Amino acid sequence: MATSLRFLSVLFLVSLFALDTIEAKGLKLGFYQKTCPNAEFIIHKTTAAYVSRTPTLAAGLLRMNFHDCFVKGCDGSVLLNSTSNNQAEKAAIPNLTLKGFNVIDAAKAAVEKECPGVVSCADILALSARDAVAMIKGPYWKVPTGRRDGRVSTMANAFANLPPPFANITALKASFASKGLSAKDLAVLSGGHTIGVSLCLAFSNRLYNFTGKGDSDPTLDREYIPRLKSKCKPGDARTTAEMDPGSFKTFDSSYYSLVGKRRGLFQSDAALLDDPMTKDYVRLQATTKGSTFFQDFAESMEKMGAIEFIIHKTTAAYVSRTPTLAAGLLRMHFHDCFVKGCDGSVLLNSTSNNQAEKAAIPNLTLKGFNVIDAAKAAVEKECPGVVSCADVLALAARDAVATIRGPYWKVPTGRRDGRVSTVPNAFANLPPPFANITALKASFASKGLTVKDLAILSGAHTIGVSVCQAFSNRLYNFTGKGDSDPTLDRQYIPRLKSKCKPGDVRTTAEMDPGSFKTFDSSYYSLVGKRRGLFQSDAALLDDPVTKDYVRLQATTKGSTFFPDFAQSMEKMGAIEVLTGKDGEISKHCAFVN
């Protein structure tokens, strides 16, 4: 089974380019041009030296790159060894037959000799895989660089994320759709099966025991089965078979002729004949000897890498002109995820029969809908009906924060859009600014978030402004007797009163005065001085865990805040997401299809 994953290795090698764009802040072509100008040449030269002697390494490196990218992003974690306390990704069954580690080690050593501590292992793996495929007469694609290496590698993550080779067409299309790829992209990128071999063990059930009755897979060519059986005996766990017999060392289009004759090794190959679009593509390439295959392959690669770039480019264009939009988009993402999951429902308009989340008081001041609409329109132009509004929002929020020098976090994609959006749901799930620590902890716990996550995500108040109305009771009538909140710094109250008059519903105040347009850790210093605007800010000093976190970041100038925030955002972005057949891919983010 491990070797058979080469199918999805090629398909999702493409995903590494999309994942690349979400994985590393500043990812771009020629990233090392100034810091290590010969890096890509050194990697190419080293890879070429190995692949010229052993061409089968091309398939191995391609597969390794997929196994890296598909497990929590393209961060080189598949290269890490196990320790006495942890079984790394390498130890998972799908990874036991990976080949090419020696190539990566050699390329890394050569680059380190030239430029110590500059080029990441994740970049070396991505470049080496591309160069290896090009060496065996395959297509050549652009590889933006600037990835950073991950520190976490677990066997459990590998098992949870690497897809099996027996997927049917429904599962394959859903998987590709979750990556922003169409049925045509599935057919195109499946052509990567033109190189490499597979263990007999990965497909022998199709020969000997397909339904548990000692039968063969009826979708496999009857005349081909005896040839495979002569090579692969029952229970054989060592022998390998070529995926594209006769040219398995050369990247070409003959794979499609095999699939058309029902001779693809895996069920996932045979599945291409179960959908009109993929079946037509197989027939086209088989009858025209791959007339458009290389061009299509390149276009699908570029498309995969372009989707998130489009969102990033659109978001950056707006936020660079209006930095305060970063706070608006981040808040919108939070308000989306906390109300029945990250499903884009906060984007839906009210109708004659329903008041949507937008109409709830906490959402009346949300900003950034124009950014989401613009990004969605741009993506729809490139890939109609493929990318959800929920994913656009999640990516835009991340990219907006990064644009104002904030942390950068991984955003796995594949969310589906929700169809239900109501005012009561918003009121029931969004913690108000006057919540005490007990209510805040309960709210976060209900979303699978910890007390530490509460302290970390509250740090988002380092950017943005608030209408005076949201906290004026703390200044003028805290207990109904015309008094001020005793937890608010006495010297700070007059400053706030000079800005916010009683009953003022329009004026705004900076949540982090002096740096409200820049994502930093100064919020914690304010809270420590009892100058947070909201009761929910002050509440962080009422719990040992949150209080200690506030003090840590205040005294160390946010020593761990950025990585902590990234981790908590990744957790929040996964709250009750809709995937598979749930929800929809909305054509316009403000309306249900």
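Glycine too: its Cβ is placed from the backbone N, Cα and C atoms.
Just so you know, TrEMBL annotations never went through curation; they're auto-generated.
Take the CB of His67 (active site, proton acceptor) and look out to 10 A: across all protein chains shown you find 28 other CB atoms. Residues or ranges marked as active site, proton acceptor by TrEMBL: His67.
Residues or ranges marked as heme b binding site by TrEMBL: His193. Residue density at His193 (heme b binding site): 28 other Cβ atoms are found within 10 A of its Cβ, drawing on all protein chains shown.
Other C-beta atoms found within 10 angstroms of the C-beta of Cys115 (disulfide bond) number 15, with every protein chain shown included. Marked as disulfide bond by TrEMBL: Cys36-Cys115 (among others).
Of all Cβ atoms in the protein chains displayed, 30 besides its own lie within 10 Å of the Cβ of Cys69 (disulfide bond). The disulfide bond annotation in TrEMBL covers Cys69-Cys74 (among others).
For Cys232 (disulfide bond), the count of additional Cβ atoms within 10 Å of its Cβ stands at 23 [all protein chains shown]. Marked as disulfide bond by TrEMBL: Cys200-Cys232 (among others).
The annotation domain 'Plant heme peroxidase family profile' is assigned in TrEMBL to 26-354 (among others).
Positions annotated as domain 'Plant heme peroxidase family profile' by TrEMBL: 350-593 (among others).
According to TrEMBL, the signal peptide annotation covers 1-24.
Taken from TrEMBL, the feature site 'Transition state stabilizer' applies to Arg63.
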| In the structure shown, with every protein chain counted, which of the disulfide-bonded residues Cys36, Cys74, Cys200 has the densest set of Cβ atoms within 10 angstroms of its Cβ? | Cys74
| task | Compare the C-alpha of Cys115 (disulfide bond) with the C-alpha of each of the recorded positions Arg63, His67, Cys69, and give the closest one. | result | Cys69
| message | What does the structure give for the C-alpha distance between Cys200 (disulfide bond) and Cys74 (disulfide bond)? Integer Å is fine. | response | 29
| Rounded to the nearest angstrom, how far is the Cα of His193 (heme b binding site) from the Cα of Cys36 (disulfide bond)? | 34
| said: Measuring Cα to Cα, how far is Arg63 (site 'Transition state stabilizer') from Cys69 (disulfide bond) in Å? | reply: 10
| field | Number of other Cβ atoms within 10 Å of the Cβ of Arg63 (site 'Transition state stabilizer') across all protein chains | value | 30
| task | Would you kindly give the Cα-Cα distance separating His193 (heme b binding site) and His67 (active site, proton acceptor), rounded to the nearest Å? | result | 15
